[in-house]
Structure formats: structure tokens, C-alpha cells
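Novice: I have a structure here, written as C-alpha cells, and I will follow up with some questions on it.
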Amino acid sequence: MSKTLYQKLYDAHVVYSAPEETPLLYIDRHLVHEVTSPQAFDGLRAMGRKVRQPGKTFATMDHNVSTQTKDINASGEMARIQMQELIKNCEEFGVLLYDLNHPYQGIVHVIGPEQGMTLPGMTIVCGDSHTATHGAFGSLAFGIGTSEVEHVLATQTLKQGRAKTMKIEVTGDAAEGITAKDIVLAVIGKTGSAGGTGHVVEFCGKAIQALSMEGRMTLCNMAIEMGAKAGLVAPDDTTFDYLKGRQFAPTGSNWEQAVAYWRTLKSDDDAKFDTVVTLRAEDIAPQVTWGTNPGQVIAVNQTIPAPESFSDPGERASAEKALAYMDLKPGIKLTEVPIDKVFIGSCTNSRIEDLRAAAAIAKGRKVASGVQAIVVPGSGPVKAQAEAEGLDKIFIDAGFEWRLPGCSMCLAMNNDRLNPGERCASTSNRNFEGRQGRGGRTHLVSPAMAAAAAIAGHFADIRDIH
């Protein structure tokens, strides 16, 4: 019987199934950070349990960390307690920790692939909704809650029902300057922020195959923003070239065996999907969100829609509420809207290619007066590589702030946040009310678009910048 990639991955990991019961899946990798793990480790301690497979569990500090200093006290008492608890728990339970002073420390969804912890065919979980990022490698990766974190620590398994399947095919070639961020925002604009609910999404088509691994990670990172459980891209030579030689990747004959297996990880030609969505890459322009969910998005050269243009009453009400919160008027272009802050970073867009794209716009230019622009590399190795290439100097000369790795302004859990009423061009993944700080207004864009906004002082079409 023909199977989708998701069905192959799911079936390969079922360790127990019975009628009227949710199947039990084996978990190959468990990634842990300071925010969703303390209660899980406390639960193990209370029951006298150990971590069943500490060698398959990896931890880092990212959500709470300061991006201006390595001082554990810098982000406040709650952050300090959570980070100190993680240090204690990893020491006690034998889990490898990339702490504040580790050269490889960074955002959990950046360091996993970077170190080769993420490999095709795996099941990967983390107490974080953007775990879908790792699906770029053809692995089944999804976020879990704290009680599930405890269950995986204790058993290396998790009960998980079958999801529906969705194929998103992006045909043709994207225009120059159109990135994975623009593609995925255009997809979410078409499906809506709940269009993928109950599904695992597989991205395919010529435009997807043309993406680098970093682009594919951006794509899968935001699968959750259309309501999907996970996102997938079938592994290919681009995947294998990226992984070869990384710290936790197989070596020697094990590598050859692994690649031979990984090549089988693709949907069969006649596999049936529950839902199919198709977009033409050549129709996709640089995207900017205007509302308070990622589905409220337009091309940079389009006008903000009027609520009455939505036929669905729920969408109409949502648009009215979003426009009021964002303090925007329908019928205007976002290129007329001034900004206060720019954030280049997050598990969506903080890798070396993202920083290169932003630096190419920033080079020889200056951040507009009154705009604060920060660049936050996703990990220690990304920061080191960017500095070796001189990108930090380009940003600093242009008036951007060059920071230490961390989740930073993606979410208001550290010192990097918006003040009430401030408007931000952000390369992160969520533009919900208050996401970047109470009363803050978030517009999601690609790294190049964020850099262009910093220079112009308002949103700008990168296609007009030479």
C-alpha cells in the first residue's frame, strides 16, 4: 500500500498499538530548554525515576537568556531560577547541557540541526511549539507539553494518534530575493492560520527542492502557524551534504548505510493526501503581516484589506480587531507605515544565510533615525561564522546592535521586548497580541525585508533597493 512520508515515519516508530488505544511511539531525540523542563525533572525526582536514555536527550538555555551579557542574573529572578534548575537537573540526570558559557549554546532549534542531533527518519520532540523546524530533514518533529516532557524523559516513548496529511506543493521558480519566509507566509495567507489543524504538512515542489536546508528549516518552523502538528520536507542530497561531518551525524560505513535508508524517506508517487494545496512560486512577492496572526499577510506592494472584504464573519471580526490593535487603516500600503524597532533573529531566521541576506541590505547604509535594530545570531557557531565573514562589522557600522545568541525579542521572556504601542519589523514566527511585549505591534518579514525597514524607517520593497 502506498504511503506518505509522514505515514512511513509514524509506522516505523510504533512500539505498541492495541484496539481502542492511542499508539505508543518511540522517540529518537528529546531536546530540552529551561522553561518547560523544571516541573518534568521534579516529577522524575518525586517518583524516583531516572532519564531512560540520557544519551538521546540534549539541553540548552535559550528562552530567558540575556543577549547582552553572559550573566545568569541579567534577565531577572524567574529566568535565573529556571536556568539554575536546568544546570542542576542536567548534572543530576546525566543530560548534556549547552549552558550560557558553552561555545555551541544557542536556540534549541538552531543547535539541533547544527550539531547533527537532528537526522532524517527520526522522531524528535521538545517542549516548544516550533519543534516542527526539524522536519526540514525528513524527521517527524513536534512540540509537546511539560507532562509529556516528563513521560519522554522517563520512558523514551510518547502516545500519539495519527494525524491527517496535507501536501503543499510550490511549483516553479521563485523570483530573486524571494525567500523561504516569503513562501511560507504566502502559504499561510492562503490556508489561513488554522488551515492545517489536525494535519502533518509535507512541503514539496520545484521551489521547495531549490531551498537550502536553512530555507527548509524556516518553512517547517512555521508549519505550526497554519495550525499543523508538524511540517516535513523529504531528505535529498541537499540534506545529506548539510549533515555530513556534523558532530552527531554517522560516520564511515554507518554514514553510507544511513544515507541509503534516508533516500527511501519520501512519499510514494501514488500516495493519497487528505488535503492538497498548490501555489506558484513566481506569484509570490515579499510578504509582510498586517494583523495579529501570521495568516493576516499581504505582499509588500498590496494595500491593507478592509474587514468587509472578508466573507467569513469570523475572519471579518478578526480583521477588525487586528486593525484596531495594530493601529492600521485599510486601503493603505505598509510601505507608508513607520516602525520603531527591528528584530533579526529567532528559530525562524537567525542562521548564517539569514544574517548574510540582512547584511547585504545593510552594507554601506545606516539605520534610520529613531529606529532601534538588533541582530541576534541563533547560536555560538552562527555568531562566530558571521564574525569571521565580517558581518558583525557591517551591521555595527550601519547602526545595528550585534548581540549574543538567544531567543531574544521573539517572545517577551527576557529583556528584549517592545514597549506598548511600538511597532516592530521582525523575522520571528508569531505576531500575536503582546507576543513581543505588552501592547507591542509585530509585523513578520524576511531578514532582508527587516534590514530594509531598519534603513528606511518604514517597510520597504527590497526589489526597489539596489
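Any Cβ shown, glycine's included, is placed from N, Cα and C.
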Novice: Figure out which of Cys347, Cys424 sits with Cys407, Cys410 in the [4Fe-4S] cluster site per Swiss-Prot.
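Specialist: As annotated by Swiss-Prot, Cys407, Cys410 share the [4Fe-4S] cluster site with Cys347, chosen from Cys347, Cys424.
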Novice: What does DSSP call Cys410 ([4Fe-4S] cluster binding site) in the simple three-state scheme?
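Specialist: For Cys410 ([4Fe-4S] cluster binding site) - judged by DSSP and reduced to three states - the answer is helix.
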Novice: Within the chain of Cys347 ([4Fe-4S] cluster binding site), which residues six or more apart in sequence place their C-beta under 8 angstroms from its C-beta?
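Specialist: For Cys347 ([4Fe-4S] cluster binding site), the qualifying residues are Ile107, Val108, His109, Val110, His130, Thr133, Asn221, Gly378, Cys407, Cys410, Asn429.
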Novice: Would you mind checking how many other C-beta atoms are within 10 angstroms of the C-beta on Cys407 ([4Fe-4S] cluster binding site)?
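Specialist: The answer is 31.
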Novice: Could you name the residues, excluding Cys347, Cys407, Cys410, of the same chain that surround the [4Fe-4S] cluster site, i.e. Cβ within 8 Å of the Cβ centre of those residues, in sequence order?
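Specialist: Here the nearby residues are Asp62, His63, Ile107, His109, His130, Gly345, Ser346, Thr348, Ser350, Gly406, Ser408, Leu411, Ser428, Asn429.
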Novice: Report, as a single number, how many Cβ atoms besides its own are within 10 Å of the Cβ of Cys410 ([4Fe-4S] cluster binding site).
Specialist: 29
